[in-house]
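A short write-up of the structure that comes next.
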Amino acid sequence: MPLRLDNASPDFASKFKAFLAMKREVAADIEAATRAIVDDVAHRGDAALLEATEKFDRLTLDAAGMRVGEAEVEAAVKACDSETVDALKLARDRIEFFHRRQLPKDDRFTDPLGVELGWRWSAIEAVGLYVPGGTAAYPSSVLMNAIPAKVAGVERVVMVVPSPGGTLNPLVLAAAQLAGATEIYRIGGAQAVAALAYGTATIAPVAKIVGPGNAYVAAAKRLVFGRVGIDMIAGPSEVVVVADKTANPDWIAADLLAQAEHDANAQSILITDSAVLAADVERALAAQLTTLPRVKIARASWDEFGAIIKVAKLEDAVPLANAIAAEHLEIMTADPEAFADKIRNAGAIFLGGHTPEAIGDYVGGSNHVLPTARSARFSSGLGVLDFMKRTSILKCGPEQLAVLGPAAMALGKAEGLDAHARSVGLRLNQR
């Protein structure tokens, strides 16, 4: 059964603290096994990559067979249902429109001393996109990861996707084509992450790796971080719905289940000031649950990690929502904008009853790659800036150096870095 909390209870603070500390993933000790795979690919390249693909994906390939050719992509697109492809095109266009507004501007200015300062933005040259295969194939995630990279100006977007038994999801390939992926390889797991980071004879290395994956993929991303950049280590998905008596309980129940059906470790939370609404949502959820194809997954998620939190007044929900720092925050109240203005920590906010999270997942335009497990306290969802770098620019003339140089020399000497002081002093004809 889901957890029930009431902030009127004397032990609420301790129970809420325990709730925040709840672990939704039991991480197996896989680092050693993952490190062995990563090190093997780093040292033996294609040979290790092909061996791991045969072992884990039951797929025998040669080096040339790893890359998915244009003809195969075209055939996959033709095999897709036209209505779904049209939906992907709509999603692509809206995601691109949203992310183009995130493009930053260069700047160059002169300060009162006459020093020229500024910054310049440039795209990362090559990015690897990991896409899960098999039953967890989500073409929408291809769009969400690849399109911001292309908008940023990334030249090489390299997609890797496992094909257990040799089968690739046609919609994933269609999404890759629509999003502008430049290379696609039928490899997955920790070995694919290693290939992207270190490169092989077949796959040139990238500078950053993004995209979700299983525990081995997450462990591999941790191991290669530093050699390449990574987006984030994503945990199970989560939603918080804040609602008052004006909300529709059937809609809330559907949204809670939409999160629960993702994964048995997903989390769905309702915070409300209405005991009547809470009871109505529970009844609606129980009725809807039995009609879902993924009923076992959704039930496990709701029973194990679901929660209904009753608050005395709606304002009490603000600190709770900020503490949870949910990946998705839906606000179904009489004045959702007013509530949202008080929220500091959330991956994405969905305002009003007609904005279900599912719209943001697919066709809203905003990105659905969002921080989980309370990391919205310090991080943001994926965007254009994740695929760009800012370089500072500084220019002094003789006059400016004469003004700033003595202070730089003093600080260099104070820090025991005499060569620093000398590099300025020589230009000032000082020793």
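Glycine is no exception: its Cβ is also placed from the backbone N, Cα and C atoms.
These features come from Swiss-Prot:
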- Tyr130, Gln191, Asn214: NAD(+) binding site (BINDING)
- Ser237, Gln259, His262, His328, Asp361, Glu415, His420: substrate binding site (BINDING)
- Gln259, His262, Asp361, His420: Zn(2+) binding site (BINDING)
- Glu327: active site, proton acceptor (ACT_SITE)
- His328: active site, proton acceptor (ACT_SITE)
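Location within the structure of each feature annotated in Swiss-Prot.
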residue: Tyr130; record: NAD(+) binding site; DSSP (3 states): strand
residue: Gln191; record: NAD(+) binding site; DSSP (3 states): helix
residue: Asn214; record: NAD(+) binding site; DSSP (3 states): coil
residue: Ser237; record: substrate binding site; DSSP (3 states): coil
residue: Gln259; record: substrate binding site; DSSP (3 states): helix
residue: Glu327; record: active site, proton acceptor; DSSP (3 states): coil
residue: Asp361; record: substrate binding site; DSSP (3 states): helix
residue: His420; record: substrate binding site; DSSP (3 states): helix
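By the criterion of other Cβ atoms within 10 Å of the residue's own Cβ, the least surrounded of the binding-site residues Gln191, Asn214, Ser237, Gln259 is Asn214. Note on proximity: of the recorded positions Gln191, Asn214, Glu327, the one nearest His420 (substrate binding site) is Gln191, by Cα distance. Between His328 (substrate binding site) and Asn214 (NAD(+) binding site), the C-alpha separation comes to 21 Å.
In sequence order, Ser140, His368 are the residues of the chain that are 6 or more apart from Asp361 (substrate binding site) and have a CB within less than 8 Å of its CB.
Using a 10 Å Cβ-Cβ cutoff, His420 (substrate binding site) registers 15 neighbours.
DSSP gives Glu415 (substrate binding site) a coil state; it is part of no helix or strand. Cβ atoms within 8 Å of the centroid of the Cβ atoms of Tyr130, Gln191, Asn214 (the NAD(+) site) belong to the same-chain residues Pro132, Val160, Pro162, Gly188, Gly189, Ala190, Ala192, Val193, Gly213, Tyr216, Val217, Ala220, site residues excluded.
Here the CA atom of Gln259 (substrate binding site) lies 18 Å from the CA atom of Asn214 (NAD(+) binding site). In this structure the C-alpha atoms belonging to Gln259 (substrate binding site) and Glu327 (active site, proton acceptor) are separated by 11 Å. His328 (substrate binding site) counts 26 other C-beta atoms within 10 Å of its own C-beta, drawing on all protein chains shown.
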